[in-house]
């Protein structure tokens, strides 16, 4: 009887299962983003590196930054596959790209092969982040769409925590084999999940759509006629009212939404979050702190997971603006403190200054920084795109914002090491602090509160000429 009840419960929760398995592709994304943290130190030691020589500084810059170029190239291809062949096949293609990348890493004997693998990882990220939210949105009921949709940030931080926890303690090759298991598991498990009913309806495959909906809801189609009819009307309306990219710039509300979303996503990247996540272990090695760098990285990864879960549980209660203000303010204070520590470190030899009492500051600063990011600017920057734009132009807006995101990410990652050498680590983090202070002001002056508002209400606020800061809702 217990087995029967358990099977029935699982059947009724198939949308949770499908959403969780789809988000394994985002776990792969987190693994790719955290990959350089333990690998960079391995590549600098010939005994642990698979390469015959140590990569140059320029090659290290490309190993870190080419991921962003792949992420820029991935979404257009993913969108085409998702529209023509289905969301499921698009996600499985992304999983295959991750698997090929790790196979290239296992067999790598040159920097060029590592670069190809990193580019494919970036393409996989583009697939995962473009299609996973779409798949989850289309399989979830209206009541569960918010909680299931918020799994993306949690899944990404879980992937990074996995790399931070395993990478420093195993060999380079063993690490690649372990990480290869994640996309293989994703492809094997997710291949058993259904395509979305929306895709089938859009292609006139109503019988397949019925079977998909039956599986996801655990009920026969006769009991799901209202939902099936709603899906059919929604898809048909979307096909009839196809938007154009020109509508983004002709309509005042859309222009304002694009300005807000692009501004938030650019400032997100200029906060320095990607260099911190990509090079966490290297940054801790530079601080000279008593805490082992690999342990400090694990602490950072754990904090990211916890902060992301807190956001999932409380975002709809506190609202978007408060979290963005707390996030940018917290990041700014943490970066100022971290920059100050590195400045004192440069003065230590000349002045004989002892930093023993401040040994905790680098770890504390980065813990606060990553926690603050995951509370606000991490998840909310992408959430606003889904809330501010109508469905018929959302894809155009998402493409522009994503291109801005990964374009800036490439710039920051590629020049991170060069700027570190040119202006000093302290000024580099102070520069990031200036951008996060700008993010606080940008949020305070321009970002509207969208909590609990329908799309027409949000568009009405965007069309107002009154000052945005008066738009907060209790």
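Backbone N, Cα and C atoms are what each Cβ position is placed from, and that goes for glycine too.
Note: TrEMBL annotation is automatic and uncurated.
Residues or ranges marked as domain 'Major facilitator superfamily (MFS) profile' by TrEMBL: 1-451. What TrEMBL lists as transmembrane segment is 16-35, 60-82, 89-107, 119-136, 148-166, 172-190, 257-275, 295-315, 322-343, 363-384, 396-416, 428-447.
Within its own chain, the transmembrane segment (396-416) is flanked in space by residues 61-62, 64-69, 71-72, 75-76, 79, 126, 129-130, 243-245, 247-248, 254, 257-258, 261-262, 265-266, 268-270, 272, 274-275, 278-279, 385, 388-389, 428, which lie at least six positions past its ends and keep a Cβ under 8 Å from the stretch. Contact between the transmembrane segment (16-35) and the transmembrane segment (322-343) does not hold: fewer than three of their C-beta pairs are under 8 Å, each pair 6 or more apart in sequence. For the transmembrane segment (322-343), the partner stretch with the highest count of Cβ pairs under 8 angstroms, out of 119-136, 172-190, 295-315, 363-384, 428-447, is 363-384. This prediction places the mean pLDDT of the domain 'Major facilitator superfamily (MFS) profile' (1-451) at 85.
Cβ atoms under 8 Å from those of the transmembrane segment (172-190) belong to residues 21-22, 24-25, 27-28, 31, 35, 38-39, 42-43, 48-50, 88, 91-92, 95-96, 98-99, 102-103, 105-106, 124, 159, 162-163, 166 of the same chain, restricted to positions at least 6 beyond its ends. In terms of C-beta pairs under 8 Å, the stretch of 60-82, 295-315, 363-384, 428-447 lying closest in packing to the transmembrane segment (257-275) is 428-447. Sequence-distant contacts of the transmembrane segment (295-315), counting only residues of its own chain at least 6 positions beyond either end whose CB sits under 8 Å from a CB of the stretch, comprise 34, 37-38, 147, 150-151, 153-154, 156-158, 160-161, 163-165, 168, 276, 280-281, 284, 289, 323, 362-363, 366-367, 370-376, 378-380, 383. When Cβ-Cβ distances below 8 Å are used as the criterion, the transmembrane segment (428-447) is approached by residues 259-260, 263-264, 267-268, 270-272, 320-321, 324-325, 328-329, 331-332, 335-336, 338-339, 342, 377, 384, 416, 419-420, 468-469 of the same chain, each at least six residues removed from its ends.
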